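> This is the structure I want to talk about, given as structure tokens.
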Amino acid sequence: MALKHMQIFLFVAIFSSFCFSITLSRPLDNELIMQKRHIEWMTKHGRVYADVKEENNRYVVFKNNVERIEHLNSIPAGRTFKLAVNQFADLTNDEFRSMYTGFKGVSALSSQSQTKMSPFRYQNVSSGALPVSVDWRKKGAVTPIKNQGSCGCCWAFSAVAAIEGATQIKKGKLISLSEQQLVDCDTNDFGCEGGLMDTAFEHIKATGGLTTESNYPYKGEDATCNSKKTNPKATSITGYEDVPVNDEQALMKAVAHQPVSVGIEGGGFDFQFYSSGVFTGECTTYLDHAVTAIGYGESTNGSKYWIIKNSWGTKWGESGYMRIQKDVKDKQGLCGLAMKASYPTI
């Protein structure tokens, strides 16, 4: 009898030890899998760190971001968009915001309230006459997605994209224009430290226009203005107009006629890792980024959206673009996209 009890005791002890070892191994296995994912991500995005300490620190950030992305994507209902582990996955949200935005929105809005409102040429366009959907890519008025890198000159990319579109609509030629010319030569803005599309339009009008991207290529950093490279001019503008503030219907009228530069709050976590679908994520109306509205439409489930062209490369979003919810309850628009919009005139 004693022998039988001893056998039972040994079996329980061995089984308990086995279960305990499995329990311990699971977190270890998960950690190894995550480390492998980080290494694969580094290879995919060409990320090289200065030393082991930096790599370890970036791994922790990467892990936290991945876990949060996967948690948010697992929410079963109410989310019409997905997030992805993209090229920004080893950056904290604060780091991302400081490196990849650059719209001087707060100062722009405060000064706008003190100035006379500009004319709006589409004011009398009947809403009923507007097309149900617009996509300027299909009409040949949008150049391929560009990448501002870690230079905070989104304002320049937004302004240039709007001018590229207006030029194609007016002259029938789609020309890739120079953002670097604005970064280097527009002294009313701040290069990689940020700027505003309206002041960029003013600079372009005053200096006679923009040259091509190939003539004055993008470097992703501030440099001295090379006046020789600013010529010959590929296009010019007569000025710009602001879209009435906090009015998505007015914005729709403008976008139906041409691509429009738009200020937006693009520094949030959901925006950082947006991958696909109609964006309805968390954001504020503190404008910190600039994009270009190039269309609008409605998905098969009835979700209305804007199409925006970003300047973070093709690995972000829907090959560099985002569909973001349109006609929301808040008059400012989702992420404030109806607060500060403007377009060039040719």
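From the backbone N, Cα and C atoms, a Cβ is placed for every residue, glycine too.
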> Name the residue from Cys19, Cys225, Cys283, Cys335 that Swiss-Prot records as disulfide-bonded to Cys185.
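In Swiss-Prot, Cys185 forms its recorded disulfide with Cys225.
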> Scan Cys151, Cys283 and flag the one Swiss-Prot records as disulfide-linked to Cys192.
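Answer per Swiss-Prot: Cys151.
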> Using a Cβ cut-off under 8 Å and a sequence separation of 6 or more, which residues in the same chain sit near Cys151 (disulfide bond)?
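Within the chain, Cys151 (disulfide bond) has Cβ neighbours under 8 Å at Gly102, Val183, Gly191, Cys192, Gly220, Glu221, Asp222.
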> Here are some recorded positions: Asn124, Asn301, Asn310. Which one has the most Cβ atoms within 10 Å of its Cβ?
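For the recorded positions Asn124, Asn301, Asn310, the Cβ with the most other Cβ atoms within 10 Å is Asn310.
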> Cys185, Cys192, Cys225, Cys283, Cys335: which of these disulfide-bonded residues has the sparsest Cβ neighbourhood within 10 Å?
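Ranked by other Cβ atoms within 10 Å, the disulfide-bonded residues Cys185, Cys192, Cys225, Cys283, Cys335 bottom out at Cys225.
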> State the Cα to Cα distance, in Å, between Asn301 (N-linked glycosylation site) and Asn310 (active site), rounded to an integer.
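For Asn301 (N-linked glycosylation site) versus Asn310 (active site), the Cα atoms are 25 Å apart.
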> So what sits near Cys154 (active site) in its own chain, CB-to-CB under 8 Å and at least six residues off in sequence?
Tyr100, Thr101, Gly102, Phe103, Gln148, Gly266, His289, Ala290, Val291, Ser311
